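Peer 1: Copying in the features that Swiss-Prot gives for the protein in this structure:
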- Gln51, Lys123, Asn169, Lys276: UTP acceptor binding site (BINDING)
- Ser53, Arg197, Phe217: UTP donor binding site (BINDING)
- Asp67: Mg(2+) binding site (BINDING)
- Asn169: site 'Important for uracil base recognition in acceptor pocket' (SITE)
Amino acid sequence: MAKYTEDQLTSWTKPPSDSEQTKLENSEKMVREAISSDEKLSKKTIETFGQGSYANNTNVRLNSDIDINVKYSDGFYFDLPKDKSREDFGITLTSYSYEEYKDDVENALVNKFGRSEVVRKDKCITVKENSYRVETDVVPTWDYRRYSENGNYVQGTKFKTDKGIWIDNYPKQHIANGISKNNNTARRFKRLTRLHRKLRYKMIDDGGNVSDNITSFLLECLVWNVPNRIMNDYDTWTERLKQSIIYLYNNTREESSCKEWGEVSELLYLFHGGRKWTSKDVNSYMVLLWNHLEF
C-alpha cells in the first residue's frame, strides 16, 4: 500500500492559501514602489515582474519566498554569432554598468525598507519577511539578446553575481510555456509540479538523503519534460505521480535519452553547460522518491 492516500496527494497539488497569496502580492507591490519612487531609477526604463515558482504559480506552502526580476532596458548585453561584430548589428554601448545598476537597486530597497531589512547576496538582494510580506529575493537584471546570423534575436535577461559569474535566463518564455502546457493538461502540469516539490520537502523532513543538486527549479523542468499524456490519460494523482516517476527514471538511465531536454523556456538545455545537477542525480533521486512513496 502506498505511503500517502489519494486525498493527501490531491491536497499537495493545490496552491498556497489566499492569505499566503496576499503576502506574496504585497511583496511584489512594495518592490515596484521602491523602484518607481527612487530618484535615480525612476528616470530609467525598468520593468519589474515576478519570476520563479511564485510567478509560475508552482509554489508550495513550504516555499513561499518569491523572486522579483528588476530589469533594466535602456541598454542590453548580447551574444553574437561567430565572425560577427556589434557594428554588423548596429549595437551601441552604454557607459552605465551592471555593477552600478545593482548598487542603485540596493540603495532604492534600503531607502524603502531600511538597511536592517535588506541583505545583499551573491545573486540577489533579499528583503526580509515580516507579518505583511514574505521574504523577497530581488534580482537586478539587464535586457539580454542572443543574436542569430540574420540579425534576429531571442530576448532574455542577464545578470552578474558578486563573485563575477554571468548568468542568462529567459523568465518570460518560461512563464508562457508553463501556461501553455498547463492549459494542455487540464491544469495538471502545475499541480504535478507542486506535488513533486512538496514530496521533496517531505523527504527532507523525514531525514531522507536528498541531494542538494535536486532543486525546486530542476523539479519543475523535469515535470515539463514529462509527456502530456501522462497527465491526461490517468485518473488519479497517485497514478499520475507514479507514471511520471517511471518516465523520468527510465529516461535518465542513459544520458542519450535526455540530452535534448530543455528548461521550461526551451532556450537552455537542462543537462548541458556545467549545471550543478546531472541526469545521474535525477535517476538516483527518482529511486529515492519511489522508495519513499512505498510504491
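The backbone N, Cα and C atoms fix where each Cβ goes, glycine too.
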Peer 1: Please report how many Å separate the Cα atom of Lys123 (UTP acceptor binding site) from that of the residue listed as 'Mg(2+) binding site', as a whole number.
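Peer 2: Here the two Cα atoms are 11 Å apart.
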Peer 1: Using DSSP reduced to three states, classify Lys123 (UTP acceptor binding site) as helix, strand or coil.
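Peer 2: Once the DSSP labels are grouped into three classes, Lys123 (UTP acceptor binding site) ends up as coil.
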Peer 1: How big is the gap, in Å, between the Cα of Asn169 (UTP acceptor binding site) and that of Phe217 (UTP donor binding site), rounded to a whole number?
Peer 2: 13
Peer 1: What's the longest C-alpha separation between any two of Ser53, Arg197, Phe217, the listed UTP donor-binding residues, in angstrom?
Peer 2: 10
Peer 1: For each of Lys123, Arg197, Lys276, count the other CB atoms within 10 A of its CB; which of these binding-site residues has the top count?
Peer 2: Arg197
Peer 1: Hey, does DSSP put Phe217 (UTP donor binding site) in a helix, a strand, or just coil?
Peer 2: helix
Peer 1: Work out how many Å separate Lys276 (UTP acceptor binding site) and Ser53 (UTP donor binding site) at their Cα atoms, rounded off.
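Peer 2: Cα-Cα, rounded: 19 Å.
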Peer 1: Let me know the DSSP-derived helix, strand or coil state of Lys276 (UTP acceptor binding site), please.
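Peer 2: Reduced to three states, the DSSP call for Lys276 (UTP acceptor binding site) is coil.
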Peer 1: Kindly assign Ser53 (UTP donor binding site) to one of the three DSSP-derived states: helix, strand or coil.
Peer 2: helix
Peer 1: Name the one residue among Asp67, Arg197, Phe217 whose Cα is closest in three-dimensional space to that of Gln51 (UTP acceptor binding site); these are the binding-site residues.
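Peer 2: Going through Asp67, Arg197, Phe217 one by one, the closest to Gln51 (UTP acceptor binding site) is Asp67.
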Peer 1: List, in sequence order, the same-chain residues at least six positions removed whose CB sits under 8 Å from that of Asp67 (Mg(2+) binding site)?
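Peer 2: Long-range Cβ contacts: Gly50, Gln51, Gly52, Ser53, Tyr54, Ala55, Cys124, Thr136, Asp137, Val139.
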